[in-house]
Amino acid sequence: MNNLRVIMSVLLAVLVFTATVSESAEEMGKGEVTISLRCKTKTECLKNIACEACVDCRCDKGICKCHGFTAETNNPTV
């Protein structure tokens with residue numbers, strides 16, 4: 001009887017682990033995130049992780065640069 005409990009708990013743990021991993025894999029595949037700051041077009045900057053909080057991210061001379069953050073537009077400090 002003890003073996004049955006162990007088998008059932010291991011099976012349940014494997015099912016929960018599999019469901020969690022597959023859900024995480026789906027979320028990771030939703031959008032591509034670029035870590036490099038190099039760019040050729042503005043759309044490459046929009047996928048960049050450094051420009052997530054940026055309101056106006058531009059590709060200046062091959063490098064993504066932020067020209068304004070969300071916090072600055074919502075709560076101006078000046």
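Every residue, even glycine, has its Cβ placed from backbone N, Cα and C.
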Selected from CYS64, CYS66: Swiss-Prot disulphide partner of CYS45: CYS64
Residues satisfying Cβ distance under 8 Å from CYS45 (disulfide bond), sequence separation of at least 6: CYS39, CYS51, CYS57, ARG58, CYS59, CYS64
Cβ packing number for CYS51 (disulfide bond), 10 Å threshold: 22
CYS39, CYS59 as disulfide-bonded residues, winner by CB count within 10 A: CYS39
Least Cβ-crowded entry, counting other Cβ within 10 Å, from the disulfide-bonded residues listed as CYS64, CYS66: CYS66
